[in-house]
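Quick notes on the structure that follows.
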Amino acid sequence: MSERISTPKRTKEIIEKYGFYFKKNFGQNFLIDSNVLDNIVESAGVTEDDFVFEIGPGIGSLTQVIAENAKGVLAIEIDTNLIPILKDTLSDYDNVEIINQDVLKVDLNSLIEEKNNGKPVKVVANLPYYITTPIIMELLEKKLNISSITVMVQKEVAERMQAGPKNKEYGALSVAVQYYCDASIDIIVQPSCFMPRPKVASAVITLKLLDKPKIDVKDEELFFKVVKCAFGQRRKTLMNSLFNQGGFNISKEDLTEIIKSCNLDEKVRGEALSLSDFGNISDKIYDYLHR
Ligand code: SAM
């Protein structure tokens, strides 16, 4: 086992050696607490049978711990300045590959199939907070061959993923996560565990991808359209949101009938709907459009 990259002393040495400066716009808050890194890898249940995709390796603090436990790691880093640093800090590990790319622009599907011979991979990351939601949505909606996602996010975002109807945190992200996964918050992490310190507390959350979504819907694309539409205008009634934003070409009267036929009040707001309510509404819209 090599010396940990993550100690505050070593992190400072690496940063000074390369004259590296943190870029706020890339969400660069590096972990400097070895226990937290161990906790992340433990929560992800990484074993030597696992191939792990990491998003944003930074200077390699988490990558190192994953590499010591997994069969292999592919880490995708957007910041070109970090690539020579990673080559240096991770030179002892022959099971690590680094790609200098934007994770939202790579063909994750092909990479995953190629790197683990068609077997599911695990995603483990301390995510850049400015794009947490787009990354999670991308990982879920693209139906990638992933068995679990263990990520550090803002505590509030972790809570949002688990929130239910009528909670102010409940939104399209909550529905997507709960449709595809079982989610559990593993640990809460204080700002002092990062360099530089973020303003808010963070949490590690594990999303276990289900073999099949929690509810059956007739048309998944339509289901997510209804969900995004319902939360796009939170203060409006569901009927008005669907009428104004849905583009379904269904009259207000017929939308009201559809809503009432799902045992919901005609004035209900989207934020009051459970996962299965959303499923019922989208199935009824599907039937209406295919009648
Ligand atoms: N894993 C390291 C750690 O725990 O110390 C760094 C985590 S830091 C919160 C987020 C990392 O994601 C940074 O290294 C940042 O440059 C990288 N990043 C930001 N946007 C990215 C993107 N679109 N694609 C890939 N990496 C990105």
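Using N, Cα and C of the backbone, Cβ positions are placed for all residues, glycine too.
Remember, TrEMBL labels are computer predictions, not curated facts.
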Next on the checklist: Need one residue: from ASP102, ASP107, ASP182, the one TrEMBL lists with ASN29, LEU31, GLY56, GLU77, ASN126 for S-adenosyl-L-methionine.
Outcome noted: ASP102
Checklist entry - By a simple count of other Cβ atoms within 10 Å, which of GLU77, ASP102, the binding-site residues in the record, is least packed? => result ASP102
Next on the checklist: Within 10 Å of its Cβ, which one of these binding-site residues (ASN29, ASN126) has the largest number of other Cβ atoms?
Outcome noted: ASN126
Checklist entry - Max Cα distance spanning ASN29, LEU31, GLY56, GLU77, ASP102, ASN126 (S-adenosyl-L-methionine binders), Å? => result 21
Item to check | C-beta crowding around GLY56 (S-adenosyl-L-methionine binding site), within 10 angstroms | outcome: 23
